[in-house]
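The structure appears right after this line, and notes come after that.
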Amino acid sequence: MAIKIALAGNPNSGKTTLFNALTGSNQFVGNWPGVTVEKKEGKLKGNKNVVITDLPGIYSLSPYTLEEVVARNYLINERPDAILNIVDGTNLERNLYLSTQLMELGIPVIMAVNMMDVVDKNGDRIYTDKLSKKLGCEVVEISALKGTGIQKAAEKAVAVANSKNVTVPVHTFAPEVESVLDAVEAKLGSNIDDNQKRFFAIKLLEKDDKISTQMKSVPDVTKEIDEIETKMDDDTESIITNERYVYISSIIDECSTKNSKGKLTISDKIDRIVTNRFLALPIFALVMFIVYYVSVTTVGTWVTDWTNDGLFGESWRFFGTDVPGIPMLIGNLLDAIGVAPWLEGLILDGIVAGVGAVLGFVPQMLVLFIFLGFLEGCGYMARVAFIMDRIFRKFGLSGKSFIPMLIGSGCGVPGIMASRTIENERDRRMTIMTTTFIPCGAKLPIIGLIAGALFNGAPWVAPSAYFVGIAAIICSGIILKKTKLFAGDPAPFVMELPAYHLPTVGNVLRSMWERGWSFIKKAGTIILLSTIFVWFTSYFGWIDGKFRMLDVLELDHSILAKIGNVFAWVFTPLGWGDWRSAVAAITGLVAKENVVGTFGILYGFAEVGEEGNEIWGSLAGSMTQIAAYSFLVFNLLCAPCFAAMGAIKREMNSTKWFWTAVGYQTILAYVVSLCVYQVGTFITTGKFGAGMVAAIILIIGFIYLLVRPYKESTTFNVKLKGASQSK
Amino acid sequence: MGTVIVGAVLLGVVAIIIRKLVRDKKSGKSLQCGVDCRNCGGHCER
């Protein structure tokens, strides 16, 4: 039978980095607490009989959030053969709080003190031999990032798991507490394993309301609780917490020395600037502007242009030689083997045009993912959550809501899932509703297309997409918080700011590749199937009552045109009531990349990049720049792809809330796009029509919803049986 | 002949993709988020 080893520790202590190093996995690593919200399993490299489980980070075994429940329930119910407790060496005191609890679980424990490279660099010392004696378990020094000591830690964990020697807690509480614990343990009976009795007894004394779900029968310990609370004049949870910290303090003094007490670290000095009350937001805005500008408009575009004009164009130069582009190569091959025109059309005008249009944006996406990987890895994004807390709090959300949005910049699905770290159900729902406003990787091709083909690479377009998302979140927060559904104070936000460190090149590249590869795989599966559907429905139709394959100039008679024309009028007030744009937006519901893929087919893809004016001239001719921006805004804010909608449904766990979220997103997208188009058109052309009147009404309504005072209910209505309504 | 061969290859590719998507869906993985649960820790496997 396989040996199970669980990695447990505080958030951001390096569990996932260690997990990746031990198992060879590529799990996502970020330098902020709460990256892992679900347990992950992998086999130990070199010993496939050992299964390692990476648990979400927890501060204690008293869970408050969903992912903390995941970690505790795993340790109690699955009972791994050993726990490898990862402790952040730079924050020893706080990390040992969880360690003292893990040792009460009746499972063999090995402690790995991580970030020893940073501890040494700071000139601090941790005497692991003394720590081992004091705690009653083996202690190993490691640096998960540098890979030092990790093999030794794994070997020791396997050895202790094989020995089945349960770690017995060395620490004891005050005699009064111990005698009460003995009494509670006696009440637990045979339902609880002997090794776990101490843990359950402590949890019962702490009045942990979730522990009863893990027990077959819950003994009444009210008498014991009253006894100890009277004796020690405090509540039991505080008594036990205090006892633990007294014990930890005594260990810390003997087992470690700090060189830098009272001095400002480099991280502190950087934080003085980047989290400064006045500078924080401008710095954040500048950073994100640079990230999107460089990714979409400069470096990313150079490579994307080569991909679109060369690789997916006519030809590209390789060491002075002209190499034909992929469409040319495939076209020549199909001609040579005498393939029927319809099949050649399907492959070239459908699959190559659609998938190629999407793949053309991979370079831009990879550059963006490098930036995001770096910002996440170095610790800056954790500061952004702190900075955003100040703004979010004003409209009723906490900085914790920014973490899902941060993750959502890669893919909306894990972003929505990350909302589990939010304890307050109201805030969690609001975060789920707003997370997908942040442009995910799949929306980047739409941004790149609009910025490049319709705005000639104007530097403001791509960054503005990110800020539109942020603005939508803030405005939604203000508006929704004033409704009965979301009213209430935001939950307090406490988050430790990890020390800055330069992420390894390997980690940044891995983060980029993992995200990028997912995108490429999607292009080869769901996007490819979609392009076949779009090609067939757009290149076949009825002309003079006869169903046949259509020429590129006859696409207005296609099946897709007929379908698109049914609902295209809905988008006319937004400036893109053409059936092609309407269909592109709708196919984006399958996957957002489909928007570009569909345009690729309908406008005959050759060059979708910045320089693609020749082919995209027909696209540019079908909509003005204002309409194009309205199209971009709609696709950024409207209901996300089906995968993300599925995630919303799962996380909301309610059909009503699911439809509320999707409906809100779509209505907001429609209203904002309409206002962008109507007001933009009025400013640029002076046209004033019914659409502009509607836009003015909507803007006034929007401003009213933003500024209307929040009224706390002063009456409480209750319906009593057999009585008239009471107040 | 070329049409038959290329058509058969294309049909085969489409069949493989659909089979993979259906299998992934049955095993609880998401179809659209890259069918790669490593990035998000297999959230959709619930």
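For all residues, glycine too, the Cβ spot is worked out from N, Cα and C.
Because TrEMBL annotations are produced automatically, they should be read as predictions rather than curated entries.
In TrEMBL, the transmembrane segment annotation falls on A:395-418 of the listed ranges A:107-130, A:395-418, A:491-514. Between the stretches A:355-379, A:430-454, TrEMBL puts its transmembrane segment entry on A:430-454.
In the three-state DSSP scheme, A:PRO56 (GTP binding site) is classed as coil.
For the transmembrane segment (A:657-680), the residues of the chain that approach it from at least six positions outside its boundaries are 429, 432-433, 436-437, 468, 472, 476, 480, 485, 573-575, 626-627, 629-631, 633-640, 645, 648-649, 691-692, 694-695, 698-699, 702, judged by C-beta separation under 8 angstroms. With a cut-off of 8 Å between Cβ atoms, the residues of this chain six or more beyond the transmembrane segment (A:583-606) that come close are 312-313, 327, 349-350, 352-358, 361, 440, 442-443, 445-446, 449, 519, 522-523, 526-527, 530-531, 534-535, 538, 552, 555, 560, 563-564, 567, 571, 576, 612, 614-616, 618-619, 631, 634-635, 638-643. If you average pLDDT over the domain 'FeoB-type G' (A:2-163) in this model, you get 86. By the Cβ criterion (under 8 Å, sequence separation of 6 or more), the transmembrane segment (A:278-303) is not in contact with the transmembrane segment (A:686-707), since fewer than 3 such pairs are found. Figure note: comparing Cβ neighbours within 10 Å for the binding-site residues A:ASN12, A:ASN20, A:THR23, the maximum is reached by A:ASN12. If you look at the transmembrane segment (A:395-418) against the transmembrane segment (A:626-645), you find at least three C-beta pairs under 8 angstroms, all six or more positions apart, and that counts as contact. Geometry remark: A:ALA21 (Mg(2+) binding site) versus A:LYS15 (GTP binding site), CA distance 10 Å. The separation of A:THR23 (Mg(2+) binding site) from A:MET115 (GTP binding site), Cα to Cα, is 19 Å.
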